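Colleague: Take a look at the following structure, please.
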């Protein structure tokens, strides 16, 4: 029994009446244009919500006809107010005669709740059968089930099944029927072919079942606005019951400045300097060392990272009011035992505060610090496992020996191992945010009137913008910086060479290009700046993708000094002209690296390997030029040693579709398939994963939604067989179905 027949019979109790109708095609009704005049609700009622309007222009997608009673020999029920027991109707549609004897359905109770919708759809609406007549017909070549109201037997809704195809019958919307019928001879109805016979179904419809552009735009907006929490600071007063804590933000008892000293400090004194200790936990060290290769490379990265933090505190919007000086850096091979491995960020901050206080040198020692930062590669959480928090410090505790501390993520990922805001250089803004809390600044929009969306002290970190300090932050630091006496006691000893982040005399973006920033964020050198993104926009938010991928990932504003085109570089979120001409370095190819054999272990398929080279020998600097040629090649290989078991292409696609559904990809069901190869269609068609569309028998390739939601590509693995030929078999290579050579 065909699947469509089973679906129809399964839903006999979900529909009500069927009445044979006499259809005579009305010239006055614009059948081919009717769908263009419908509202979304009318369209969904007639055709279902998943059927695109563009496909309704096909010649036989639907037909519009008058419905009239064909004869009067109906058999009445014993109760004159009840439904007729049987009705015989004839009509012509889709080039053939339809002749049916309809019987009152014995399965529909008069007070039953009924679901209305396509037999293969999710329910569209529910209603009571009270006042409804339910009919069905079954012959060798036709089955039918529709419902109608006792008050108007001429308005029919339901389904017909004939020659392997399902048809939906529904009235033309009253608004349109009145518009086009001056002297109606009956009620106009739509007969819509929902599903064609399997052996004649033109799967072209699968290819033309597009993703909804409005839905994709909403997904992009939602993903781009994924935020960190606003719970990233602890008010120090909350930890001091009745205000009796022995807490002195000036650090030295008796050294609080008077009003005259405050004026001197804020108006004429040298810039305040935060002497900083940096602790990098074992998790962050392992993450970046695994990617960068050596501890020396990790140190270079950290110095550039801190240089970006220093630049943030030197923004004109912050009055150029704070210097950063590194006096101590410790790369932890093992995490301290007194800092809990699995605990909320509040507990980690408390433990780290104790740890750094014990580690701090005496005040007269050149390595004595004013503030300590723990950079952790762990994903932090707050309270009942709220993982949106990415850093924490105490408000107004700068210079205090215990409380002057920050915990911030660097190199962390979410529970799917995907990159997040704190995975790369964007974390520099989060560290600056937390240090600013410790200086006494609150969130914008909290205890002040500044926007809570636009600035560095926003309570939630977005992927784009937020590269300036608000006027509220500027006014707060101007009022408070003078009371932090420890910041004005910096000695004149320059930082040690290995802690001098400015020794290269280069901005961070001149050290790490846009491509390198992408690779650092993803810990994958296959990631580069998205070639489709204009250079002029990367200063607000840099977009990245794999060299052979479709998924685009935002990683935040490009570093200061990143080339943004035509003699310009990024500066605090804007693309501005160079103050002086900068050296231009043209790129070159590295040598090829040979990849290992991998496989998706799909039936009758091969393995694949990817050989790669990088356009970084040397790396381009201050130029749009790129290396000529491809950065990779994909080859087949023997995957016998990789695959002890295999699955069919359908199983593989279905598992992928299930994963997409679980991730929130809209408009699809967890049922997948591989399209057959066709020489007159796109060469990637049989390498693409198609998922059954929601409320439809058609399938769609959800490549854009999958790229947005999962940052991956909705394709079968390279090496998957996509066509078996007597001369040569075809396999997916770089998403193209090509013959094996």
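Quick reminder: no glycine exception, Cβ is built from N, Cα and C everywhere.
So TrEMBL lists the following for this protein:
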SIGNAL    1-26  signal peptide
DOMAIN    272-478  domain 'Peptidase M12B'
BINDING   433, 437, 443  Zn(2+) binding site
ACT_SITE  434  active site
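For each feature listed, report its degree of burial, its nearest neighbours and the pertinent distances within the displayed model.
Modeller: Its own atom aside, the Cβ of residue 434 (active site) has 24 Cβ atoms within 10 angstroms in the protein chains shown.
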Colleague: Taking 10 A as the limit, how many CB atoms besides its own sit near the CB of residue 433 (Zn(2+) binding site)?
Modeller: 29
Colleague: About how far apart, in whole Å, are the alpha carbons (Cα) of residue 434 (active site) and residue 443 (Zn(2+) binding site)?
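Modeller: About 10 Å separate the Cα atoms of these two residues.
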Colleague: Average the per-residue pLDDT over the domain 'Peptidase M12B' (272-478) and send me the rounded value.
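Modeller: The average pLDDT of the model in the domain 'Peptidase M12B' (272-478) works out to 92.
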